[in-house]
Structure formats: C-alpha cells, structure tokens
2 protein chains.
Amino acid sequence: QDEETLRQAEESHRQDSTKVLVFTLLLTLTILTIWLFKHRRFRFLHETGLAMIYGLLVGVILRFGVHVQPDVSNSTLTCVGKSRPSSLLLNVSGHLYEYELRGEVDSRSSDNLPSVDMLRKATFDPEVFFNILLPPIIFHAGYSLKRRHFFRNLGAILTYAFVGTVISSFVIGLVMYGCVALMNAIGQLDGDFFFTDCLFFGAIISATDPVTVLAIFSELKVDVDLYALMFGESVLNDAVAIVLSSSVVAYQPSGESSQALDGRAMLTSLGVFLAVLSGSFVLGSAAGVLTALVTKFTRLRDFPLLETALFFLMSWSTFLLAEACSITGVVAVLFCGITQAHYTYNNLSAESKSRTKELFELLNFLAENFIFSYMGLTLFSFQKHVFNPVFITGAFLAIFLGRAANIYPLSFLLNLGRTNAISLNFQHVMMFAGLRGAMTFALSIRDTATYARQMMFSSTLLIVFFTVWVFGGGTTPMLSFLKIRYTHTHTHIHSYTHTHTHTQGMAKTVGTVGRRDTAWLFRLWYTFDHKYVKPLLTHSGPPLITTLPACCAPVAHCLTSSQTYEQQDSDSELILNHSPSMLYSDLSVSADAVFDPSSSVQDQPLLQGPTHSVLSTEESPIVPGPVPLPPHSSPLSEPLRLRL
Amino acid sequence: QDEETLRQAEESHRQDSTKVLVFTLLLTLTILTIWLFKHRRFRFLHETGLAMIYGLLVGVILRFGVHVQPDVSNSTLTCVGKSRPSSLLLNVSGHLYEYELRGEVDSRSSDNLPSVDMLRKATFDPEVFFNILLPPIIFHAGYSLKRRHFFRNLGAILTYAFVGTVISSFVIGLVMYGCVALMNAIGQLDGDFFFTDCLFFGAIISATDPVTVLAIFSELKVDVDLYALMFGESVLNDAVAIVLSSSVVAYQPSGESSQALDGRAMLTSLGVFLAVLSGSFVLGSAAGVLTALVTKFTRLRDFPLLETALFFLMSWSTFLLAEACSITGVVAVLFCGITQAHYTYNNLSAESKSRTKELFELLNFLAENFIFSYMGLTLFSFQKHVFNPVFITGAFLAIFLGRAANIYPLSFLLNLGRTNAISLNFQHVMMFAGLRGAMTFALSIRDTATYARQMMFSSTLLIVFFTVWVFGGGTTPMLSFLKIRYTHTHTHIHSYTHTHTHTQGMAKTVGTVGRRDTAWLFRLWYTFDHKYVKPLLTHSGPPLITTLPACCAPVAHCLTSSQTYEQQDSDSELILNHSPSMLYSDLSVSADAVFDPSSSVQDQPLLQGPTHSVLSTEESPIVPGPVPLPPHSSPLSEPLRLRL
C-alpha cells in the first residue's frame, strides 16, 4: 500500500509537471512567434492576441485530440455526509488520512470521467491568477506609470476610473437585468439569475485592461496625454472593479428574497467599498514608504543583490499583508508600486534600478502571456460553458452602452473644468480602446459554481476575445482614421553590440494639450511632497534643513543623510543638461526619464538609464534623455515652471 | 452553505497568506542582518547560519508562543474505508464534492489538534523544495561554474563526486547499520530500520552543499584550484546523491524479507542509477544546445526581454521535461546550466547576459535563504522528531569516516596521476569543509512517513546545523591554521555612485598548481568542442568554414552566421588585450571573465561584464578583467597555449 501511494504521488507529480510543461512550451512558442512578427513587422495581430490563439489551439487539441485511458487505480471512494467540511478524515484500519476539499464535481459530466479528468488537469486553481499572476502585472503597471503625464491628468483619470467605472457597472447591470428578464420571458433561463448577479457582471466587465492598452499604445507612441488617460484609467479601474465586485458579492442574496437591494445594504456596501479601497491605498503606500526609509537609512545600496531582494520581498509582503488583512492585495500592490517608483527608486543604486525594473518587466511579460494563453485554452477546456445567444448579444450591447455612459458624459463634464479639452477624437479612442482582458478574466473565473456565473464566464471569454482581437488589432487603423498620428519605432542593428533606435516620422498631436489642469489641491500636495516628503524619504530633492522651519533643525539634521547634499538626482541630470533653467524640476522628471512604459513592448532596445547602452536617437535630435518622447511633449520647462 | 464554503475558502487563503508573509518578513529581516554583518565586518557567523537562527527563533515562537483557538467550524467528518485512494467523493444530498489526499494524520498527536494545525500550517509540502527552490539554486550553480578551473580539474572533481560519494554512502551506510544493530541490542529501537534505510541515509548525507561552500570560499578568495575542487565536487555530488538515494528507495523492501540486498537488485539499482544520471545529462545538455541554436539562428538578441524570457522558459522546461519523463529534474537542470553558460551565453545580447545572470542570482539568493530559514523553523515545528542519542552520535561519526574515506584515499590515487599534487593541506580543508546543507535537507524531508525516516530527518537537521555553524564559521581559522592564505575583499564607497573594490594583501598559494592534469580524452573533447561544437552553436570561435573539411563547405556556409565573422568574443577581449599572443584562447576564458561565483556573495559590486560599473581594482593592478582573480592564477597564456 505504501508503494501504491508512492506510485500515485509520482504519477500525480508527473502529470503536474507535464501540465506546467505544456504551458512553458506554449509560452516559448509564443515568444518565438512574437519575435517573428516583430522581426517581419506584422502588425495586424497583437502579441496578447497571439498568445490567445496558441492557447485556443492547445485547448482544441486537449479537447478533441487526446484520449486518455481511464485510470483504474485512481478509483474513488464515495462517502455520504450531511455537510461539506473543508477537510475529511478517512480511517483505514487505524490510520487516519486527511483529505482536503477540492471542489464540486459536476454530476452531469461524470459519465465520461477520464476525459473530464484530463481537461481538469489542464486547468489551474483560479486563485493562481490572483495570487501569483496578477500581482507582478499590477505592480509593474504602478512601477512604470509615466508619472508626469499621469499626475498632470490625475483629475480626469480619477474621474473616469472611479465615477466612470461605477456608472458603467450600473449601466451594464441594468441592461443585463433587462436582458435576463427577456430571457426569462422567452424561457431561455435554466437557473437563478439575480439582480446582484447582473451588478456583479457589470463590475467585472467594466475593468478595462492595462496590459493590452499599454502594449498597443506604447508601441504606437500615440499622444502622451491620451496614453496617460487610457493607461491611468485602466490601471485604477482594475482596482475599482475588484473592490466593487467583492462588495456586490458580500450582499449576494442567499435565498429567494433577493431581487431588491435594500437601501441599508447598499450603503453598507458603499462603506465596505470605500474602506477596502482606502485600506489598500494606505497599506500599499505605507509599505512603499517603509521601503524608502529602509533603503535611505541603511547603506544597502552597497550590495545591489541584497537591495533588489529586499525591494522584491517588501513589495511582495505588501500583497501578502493585504491578503492576510482581508483587503485586496492587488490594489495594495498597485499603490505600493506607485510609491516605490516615486520614492524608493531614487534611493536605489544604479545597479538595483535596472535590476528591479528588468525583473518586474520579465515577471510581467511572463505572467501576462501566461494569462492570455490560458484564456485561449479555457474556451475549450472549461467544462461548464453556458453560451446563451441572447445573453451574449445583450452583454456586447451592454459593454458599449456602459463604456459610452462612462466616457462621453464624463468627458463633457471634465471639459467644463479643463483648459485643454479632451477632444472628441480622444473620446472616441477611449471609447473604442476600452479592451477587456486579464482582470476581467481573473474575476470571472474566480467563482464558476452557479449557473449565472457560468453564463457570465462564457460570455466574458467571448468579449475578451472579441475586444482583444478586433479592437486591439483595429487600434492602428482607428488612430489613423481619427487623425491621431502616431510613430512606429523600428529597431535596426548597425553594429554587433549596440542597438540604435530610429524613429520614423515625427509625431504631431491633434488634441490641444493645456498646462493647467492640475487642481489646486493637487498643486498643494505636489509642493508638500517636493519640500518635505521626498527629502524625508529619498536622497533627492532639496535638503530638509532648507525646507523645514528653523525650530525643526535638529530633527531635520538627523533625517537628512549626507548623501542628500552630495548626490544630484542622477536621472534628472540628463534632462537638466538640456534645459538648465529648470531649478528643482527634477521632481517630476526624474523617474519619467528612466521609466518608459514602452520598455515592456520589446520593440526597442531596453532603456537602461545612464549606465548602459549606447542609444542614438537618430532622426529626433531634440529628444534629450534615453526615452524617445514624441517631440511635441518635449517643452519640459514650460509646464514645470508653472508649478513652482 | 455556499456562504460557509466561501468563508472557509477565504479563511484558508488568509492563513496561507499569513504563512508566506511570515517567511517573507523572515527573509527581509535576514537580508537586513546580513547587510549589517557585512557592513560591520562581522565574520564569525555566515549568512546561511544567520537565516537558520532566525528560522529557529520563529519556530520557537510558533511552538511555544502562539495559542490558537480551536476552529470549531473546521470540524472534520470521519469516513471509514478499506483502502486509501488519492481522491474521495463526498455525497451531500445529491451534490458530489471531491476531496484530495493530503497526507496521514498522526493519531498520537491528534488530541491537541489546534496547535498541531497551526504548526502544520507553517510547514510546506516537501515537494516545494524540489520543484521550486532547488532548481534555481542548482541552475545557478551550473550557470556560474568557474569553467576554466573546473575543466582543468575535471578528472579530480569527477572522481571525488562520483567514486567518492558512492564510497562515502556505503561507508556511512555500513557504520549506521552497525549503529542500528547496537541500538537494537540495547533496546532503543522502536520501529523498523532496514539496511536499505541505512544506505539511504548514507546517500542523502553524502551530498556536500555547494551553497555554503560557494558563499564561504568565494568570499574568502582562496586558492582557485581548491575552490574549483570543492565547488565542482559539491555541485556534482548533489546530483549523485539524488540519483543514488532514489535508486536505493526503488529497492526498499516492502515486507520483512529485507535485510539482504540480493545481487541482482544491486545490479538493477546500478543500472537505474546510471540510466537516470546519463538521461538527465543528455536531456539537460540537449535543452542547452537547443537554446543555443535558437538564440543563434534567430535574431532574438534584438529584443532582450524576449531573449531573457526564452532563456528562462527553456531552462525551466528542462526541469519540467525531466520530471515528466520520471528522471531527475534537478540533475538535468545542472547540466542545462553548464551548457547554457558554455554555449548559449555567448549568443545572448549584452543586455540579456547581465539580465539572466542577475535573475538567477536573485532567485538563487532568495531560494537559498528561504531553505536555510525553513531548516531552522523545522527543528521546532516538525511534529514527529525522533532524537536518538546513539543514532546521532553514530551519524556524526559516520559522516566523518565517510568523508575521510572519500577524500584521503582518492586524493592519494589522484596524486599518482597528477603533476600538481593535491597537497595534504588541501585535503584537510576538503575534509573539513564538506558541509551538509540544502540538498541533504530537501532529500530527508521528502519522506518522513516511517520511524526510520523520522529519525534520519531529525539527525540530519542536527548535522546540518552543526556543520554550517561550526565548520562554516570555522573555515577562516582553519585556513589560516593550515597556512592556505586567502584574501578578504572589502568594499569601500569612495563616491556616491561607484563602488571600488580594493583587495587587501596579495594572495599566495601554497599548493603547487600544475598545468597538465587534463587527460588526453578531455583534451580531445576540448579541441573538438572548440573547432566544431562551439562554432556550430554560438557566434564565437573560428568560423566553421575554416575548421570543417572542404567537402562540407555548403553545410558549413549554411550554419555559419554572418556574425561569426563580424563579432569578436567580446568577453575574451578583456584578457586578450593583456596577452595578445593567445590566439583562439577565448574559448576557455570567455565566460570565466564574466561569471564569477563570488558575485552571489554580494561582498563586492556586481560584476557586469564590459557594459557597466566603473570598478577600479586599486591595489592589484595586474588583474586585467572585471574579475579580481588572485594574481598567481593570471599567467593565462601558459596553460592555454599548452592545449592548442
């Protein structure tokens, strides 16, 4: 019997290995194809779309091509019980064996058990997405946020992400509720579908995807403000969607007394929503601040490996701590990433700067491609698809209405207060490029127990496929049609070692970019941050002694490291050289100069900051730093001087 | 009931997060302390020892400090069965729920279940070590093997690792068998302990640890040949120990008809041993060669991110493929690492070279510290310790005898054939510094079901603690006592950005380093590799067209990339500049110049190859490249010319 157990354990391990192997090979194949596409300059299909196609192929093969012999030895013992505990003890002649709950087995499909087993083997625990794959993606998004443009458009971004997503969720929820009522009327509904289910669907499907937006837009080098709006919104609305959907779930009716959400529950829901969101924000920022302090006051920078490891561990701890506190780790990690980039990054050694950046870039790349190929796979390997034409049509209609109800009215309201209006063309692009992706998928696969959830999951898959393939592929024509010009970056290898980027065609913007959309509140924070927070947490900025009032001099002395005086903000030097009039402008420029979202697109040699890589931007001699910003955004001194 | 399940799932997720969080915080603490020790130049305790101490502390806290309220809702249902299947179906009013086997619960300790549960929560599935933590460590070891010195001493290394480990296993096995017989006689044995168990113990405890050896020796900068011998042996004997122990397990007697191993079983075991070892070797090398070909014939180097991702995935696939084929992944990954470093590394872009190196360095660092702190934790958290004084004393005696039976006789035999004898002092160091570490731990925790295994595990833990703390800490005094001089590297920060290494005192070797210990077989392989394999797989070395006979010209043309002609082996240039007489010597030098095992010790600024880091070796102006090789090893031209 011992040998039997050993054999079973080995067999199960072998199968697990094979499962992961299939995915690694899939990713390898995807990488090679991505390279080929980039090399041959095919642009009609995006890499995430590519990963999905490979996933689909493997799904088809697993579903129809593989016939597994039923494993007799793996026979199951059936117990009868009154409840479903999380663990079960089996008594075999005095020995107790513990069993852990794995999930419900669908009795419908239990007649063809071997193939089901094979397909189930190819699926992952949905928690893998939330605990392993999403955190690096979201952290990377926060860590590489193009901060200057992000902060310049913060008001608009927050409006779209918070107000807009809530509006969109409700619009979609209502449309779907109508749709479900219709289905009920024509008898197409085979199970329960509550109003909260509709709201849940609205919440999960409202999250636009930063992954694809980042990939497509940064590769195309569109207008930076448009990019900042799109990317900022999509990053933050992921957070909103997570928190919103879990608030809805908390008030899921358990019985039939369901349809109406009473007012108090709504209010509690709102309270939970705000508490979780602000909790995650505080936790994430606190972890970032703590890391900044540690890296500032220890001389850890002498040992880049230790420093990188610490950075990685602290960021990961943020996620774990948030999960342990029952708030959302993914959201905490987002804010942690932003804080790390804003403060900690300045304390790191040059070595660690590139190391951390490259590490998270790699993790992000792998996780993202894994998710998209897994999505493709799921279409065929998932056992309980419920494809309902009415629901699917309704869902497509709903997401358009929801997106429109988010973008157009809010843009109108925002334009009332903005000096640089968000042009109608920009609004169309934002409407059009609100792709659904990784987060929507992860949220919908998390729970597929009920009929309603299964129908949602199947529809979600189709929506993701459609938006990524059609809208993702259609972004380039769309942009040319709307006359928002963009620049392709091409790479040529001139010599064996150094890569030269050369930008073809100069970009010109259509939308008018104004300079005063930062609200007074934001400007207040900015000054405060610049004068006190940044000098406190990092080695850059003006020394605290000069900014704090005289009475605090001893404290200031104590908190000001000797490096503050010695060390110029090395990143900003690049740009300062070109416009020496900007005093202290380093603050908003520093990290921008090094973080370029496009670095995750592999279409250009990786930007390494001042330390490596001879990178000559041939046709755009205006661009000073390592980032080939579109020239129209280069009058750096102007918007910056306004703030000081 | 649905809500109950959800709540349970959330609770279990929260606990999992907390568990991992504890370890991340533990690692963070370890990193900070390591930094402090390095900063203050404390040398009495090594970092792995430090990680263990922190682990011990947390273990003590978990064991005696935390009192968990028994979780009532988590009550278990007990079934009675005749066999122990791998999965169990529970029928609750028509719904089928699947349960998965988690392991045997010890009925002895089931009376104080809550605390057991808490402690069990803090333990990991042993397979985590084999599937997640060991592969990066072993790959890194292979990838950073100091190849020149490794190949120069290959004969001796193979002898120690293969013959020596087998001798050691048998000696230890026999001593322990005597010990067990003694215990049986005095009535201290409470369970079965077969001869195969003794052999198994011999196999797992014979694996000396590359992690600690690498850390201690490269930090001390001892004689490179001694280092190569120690490190090469410890890397390869891990492989031998894994394969040997699994061969022994395959012939574990199932009943009482055990004591004698019959001849045929022994022979089969040997066959399995050789088959698995050579299978892993072939698979690992093949994967490395494949990666080399892919990176050579695609222009993937234009996109470093893709390249790095591909490299990572291919290396990981090797592990998975080996596991899926039921041969040992860890061994395959070792050979894969060596091949990747020897061939693929030369095809990578400068960017990817540093990226891959840094990535695996980080993974290695994290995994290694995790294992050691987990080891510390296990001493208190493991439930089924069997500490038997006789067995432990016997085990300590046995490992000394086993190590002595490995080193001294084999060194004597080797010295008969070597021109540069392995001096007696070197032999003492090798005897003394055969620390036990991660691999021994991982092998012994893998199966702790039987009484014999539990006793082995407990004794192994003590042996690892003792060797790491006492021998690890005692290496420095030992080396001075034996007059094997070494150099400490200190780092001083002269300016804010660049780190200068400055070596105190010049190293002088005591052992005479000869130049002709490469056997003719090896030299044959070397020439073949240099002329055909390397040009075929990489962009370096002489073009195939010049080395292949004329009849193969078309094939050669086809296989020779244009880069071969253009591209100098950029790594070798560093050294070639200093001794331009060496034609084609790049082969043995190339990767050496960039891979320095000491780079995982964080005691010096990371060596980045030619691309980054201004590193001025102040007091040793002889040293040419980025690696501050001890000067006595620098007459490069001589040993190399001998080979050509």
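Cβ atoms here come from the backbone N, Cα and C positions, even for glycine.
Remember, TrEMBL labels are computer predictions, not curated facts.
Record features (TrEMBL):
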| type | residues | note |
| --- | --- | --- |
| COMPBIAS | B:599-618 | compositional bias 'Polar residues' |
| COMPBIAS | B:623-633 | compositional bias 'Pro residues' |
| COMPBIAS | B:634-644 | compositional bias 'Low complexity' |
| DOMAIN | B:30-479 | domain 'Cation/H+ exchanger transmembrane' |
| REGION | B:599-644 | region 'Disordered' |
| TRANSMEM | B:20-37 | transmembrane segment |
| TRANSMEM | B:49-66 | transmembrane segment |
| TRANSMEM | B:128-145 | transmembrane segment |
| TRANSMEM | B:157-187 | transmembrane segment |
| TRANSMEM | B:193-217 | transmembrane segment |
| TRANSMEM | B:271-297 | transmembrane segment |
| TRANSMEM | B:309-342 | transmembrane segment |
| TRANSMEM | B:362-382 | transmembrane segment |
| TRANSMEM | B:389-408 | transmembrane segment |
| TRANSMEM | B:428-445 | transmembrane segment |
| TRANSMEM | B:457-482 | transmembrane segment |
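In summary, the transmembrane segment (B:309-342) does not lie against the transmembrane segment (B:362-382): fewer than three C-beta pairs, each 6 or more positions apart in sequence, are under 8 Å. Using a cut-off of 8 Å between Cβ atoms, the transmembrane segment (B:193-217) and the transmembrane segment (B:428-445) share at least three residue pairs, counting only pairs 6 or more apart in sequence. Contact between the transmembrane segment (B:457-482) and the transmembrane segment (B:362-382) is present: at least three CB pairs lie under 8 Å, with pairs separated by 6 or more positions in sequence. Taking pairs at least six residues apart, the transmembrane segment (B:49-66) and the transmembrane segment (B:271-297) share fewer than three Cβ pairs below 8 Å and do not count as touching. Within the chain carrying the transmembrane segment (B:157-187), a Cβ under 8 angstroms from the stretch's Cβ atoms is held by residues 150, 193, 195, 197-199, 201-203, 205-207, 228-229, 232-233, 235-237, 239-241, 244, 388, 390-391, 394-395, 397-399, 401-403, 405-407, 409-410, 413-414, 430, all 6 or more beyond its ends. Most Cβ pairs under 8 Å to the transmembrane segment (B:389-408), among the stretches B:271-297, B:362-382, B:428-445, belong to B:428-445. Among residues of the same chain six or more beyond the transmembrane segment (B:362-382), those with a C-beta under 8 A of the stretch's C-beta atoms are 23, 26-27, 30-31, 47-49, 51-60, 62-63, 119, 122-124, 129, 132-134, 136-137, 140-141, 211, 437-438, 441-442, 445, 448, 457-458, 461, 464-465, 468, 600, 602.
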